């Protein structure tokens, strides 16, 4: 009873704090009040509090359940939310002396996953249950934690790529319209790979838009670093899962829906790294691939659970 109450308290504290952090970012990004003293520091401290609250929540659930808290969809969503806050903590500790707006990505991601996990849709999963026989293995911690951390990093990096595309397309469309006096149509999207590169570079390098150019470069750099980390986690997760599958089911690979989409996800981001090796394809083109990967990850992580079929049906989604 005490552990359940503590878990409930920590859940609501972390959700409330991260909501305040998002409100602060709304004020600073949309209302242009970033000059207000203490707003940025408050958002950073809020994400730190969120990280420790979710950490306490997971540890509490681990103690009273007797197993690592990654046995169902509810626990994996909480762990995913923890992964987002962990990414923010790492960037915060590395760049303490410089302003870091990564919480504009990690905070909404954390509140979305935690909000869904604590919603009424997953009430039956809130109470910890005895592990299924196939999950009673030391590989549970290794495989599932690596996969979920991989999802968290890849989602975060993909969102940074989406932000890069939004900034680039918005300004590029404006430039094309001003210089050619025609409405932007779908057929004109080819300018991204052909004739507008020089125009975009000239625009970005102007003194008026130098900050925007720096921002896109920072987004591209951060996206690449975080996706690289996530790809490593995903690879380790798939390999450890194959070993566990061989022990549990007698085969390293069964082309289960979850396994198939995990392989598709891995392939998409392998293509992303391939585009990065070509200087003509990096930037916008690699960001397009990463944005596609964002959708693929959600299909792999959550979409397959909607079906509730296959060997990975332990984390299936069921309405109450």
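A Cβ is built for glycine as well, from the same backbone N, Cα and C atoms used for every other residue.
Copied from TrEMBL, the annotated features are:
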- 12-33: transmembrane segment (TRANSMEM)
- 45-64: transmembrane segment (TRANSMEM)
- 70-312: domain 'Cytochrome c assembly protein' (DOMAIN)
- 76-95: transmembrane segment (TRANSMEM)
- 102-122: transmembrane segment (TRANSMEM)
- 142-167: transmembrane segment (TRANSMEM)
- 222-245: transmembrane segment (TRANSMEM)
- 260-275: transmembrane segment (TRANSMEM)
- 287-311: transmembrane segment (TRANSMEM)
Stretch in 45-64, 76-95, 222-245, 260-275, 287-311 most in contact with the transmembrane segment (142-167), if contact is a CB pair under 8 A: 222-245
Cβ contacts the transmembrane segment (45-64)/the transmembrane segment (260-275), at least three under 8 Å, sequence gap 6 or more: no
Within-chain partners of the transmembrane segment (287-311) [C-beta distance under 8 Å, separation at least 6 from its ends]: 73, 80, 151, 154-155, 157-159, 161-162, 164-165, 168, 220, 223, 227, 245, 249, 254, 256-259, 261-262, 264-265, 268-269, 271-272, 275, 317-318
Contact set, same chain, for the transmembrane segment (76-95): CB under 8 Å, 6 or more residues outside the stretch: 14, 18, 44, 47-48, 50-51, 54-55, 57-58, 61, 69-70, 102-103, 106-107, 109-111, 113-114, 116-117, 122, 144-145, 148-149, 151-153, 155-156, 226, 301, 315
Within the predicted model, mean pLDDT of the domain 'Cytochrome c assembly protein' (70-312): 77
